[in-house]
Amino acid sequence: MERMLFLSPPSLAAHPEKLSTILSAHAQYSTELQMLDRLAAGLVSLPESTYDIVMFLIDADCLKTGSTPRMSRGVIESIVRALRPGGKLKSEHGLFASPDYPDRTELVLAGLVFDDNGDLVKPNFGAQDTVPLKLGKKKKATPAASSGDGAEANGVTVNMPIATDSKRNGQGAAVQGLGFVDFSDDLDLPPEDDDELIDEEALMDEEDMGRPIVQPPECRPKAGKRRRACKDCTCGLAERLHEEDTAKRANADAALETLKLGSNDLAEVDFTVQGKMGSCGNCALGDAFRCDGCPYIGLPPFKPGEEVRLLSNDVQL
């Protein structure tokens with residue numbers, strides 16, 4: 001038994017006798033009733049691909065006043081999903097068939113089409129068959145029977161008109177017959193290989209390979225910025241940038257190594273080393289340290305390996 005869904009506007013809910021009359025008139029169907037406002041508010045949901053017919057009820061008072069009930073886009077999509085393939089969406093009084101119906105475009109955009117009766121039908125795309133398209137292949141040449149008044153060329157026989165006495169007398173000659181050309185025949189042309197591949201390297205010679213690549217100005221990197229490599233770089237730019245970054249990092253690491261002083265760098269640090277002088281060049285040249293600000297000022301020159309102690313109560317002159 002086919003299933004039928006009735007969508008009633010809220011105005012019909014106040015007239016239960018009208019709803020009973022409508023339901024009894026369609027007793028041959030398995031009927032269900034839903035209120036349009038509850039469906040629009042999302043309080044109820046319709047099962048998918050269930051109903052063969054969805055009937056949109058209209059209150060007669062609304063038609064008299066000219067207030068046509070509207071359906072939102074969400075309600076229309078719910079109705080289309082609830083219809084089975086090939087199911088119909090009908091309305092009382094032929095409302096959907098009227099070109100002045102405001103939701104006519106929305107119904108068509110939802111995937112419904114009009115039939116000859118003005119009802120909306122959900123297309124059954126599953127019933128459509130897929131027809132493969134095949135390319136024509138070379139056919140074997142068959143000997144064509146030719147009459148004495150015909151000419152044969154490339155396996156196609158064309159009957160030629162024969163001049164008669166009536167034509168010589170100025171009267172039109174009756175055409176004996178015309179040959180039909182089979183356009184699906186390849187006329188013994190060599191078959192085409194659809195799988196033939198073209199070698200890209202064969203399209204360029206040595207002169208083309210030696211030409212420099214001209215980079216458009218819009219593709220050049222801006223001043224102070226270097227060009228970035230693509231994510232799937234295949235031109236070698238990513239490897240070159242990686243090598244440059246590795247070299248820069250190695251140079252930076254070498255510059256940040258721990259400072260190491262050799263024996264020739266201890267002139268300012270240890271004055272007990274024999275033959276070493278301070279930056280002023282006066283240390284150990286005389287009999288005492290004389291530089292202003294030197295912590296050893298006034299002391300005699302130190303001997304190599306001598307331990308020097310400065311007491312806080314010593315007066316430095």
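Positions of Cβ are set from backbone N, Cα and C atoms, glycine also.
Small disclaimer: the values here were computed from a predicted structure and weren't measured.
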The annotated motif 'Cx2C motif 1' range in Swiss-Prot, which must be one of 32-35, 200-203, 280-283: 280-283
Among ranges 119-122, 287-290, 291-294, whichever one Swiss-Prot labels motif 'Cx2C motif 2': 291-294
Region 'Fe-S binding site A' per Swiss-Prot - which of 219-235, 253-269: 219-235
Which listed residue (Cys230, Cys233) has most other Cβ within 10 Å, given these are binding-site residues: Cys233
Residue pair Cys291 ([4Fe-4S] cluster binding site), Cys235 ([2Fe-2S] cluster binding site) - Cα distance, angstrom, rounded: 67
Rounded to the nearest Å - Cα separation of Cys235 ([2Fe-2S] cluster binding site) and Cys294 ([4Fe-4S] cluster binding site): 65
Mean per-residue pLDDT computed across the region 'Fe-S binding site B' (280-294): 65
For the region 'Fe-S binding site A' (219-235), residues assigned helix / strand / coil by DSSP: 1 helix, 0 strand, 16 coil
Cys294 ([4Fe-4S] cluster binding site) versus Cys233 ([2Fe-2S] cluster binding site) - Cα distance in angstrom: 64
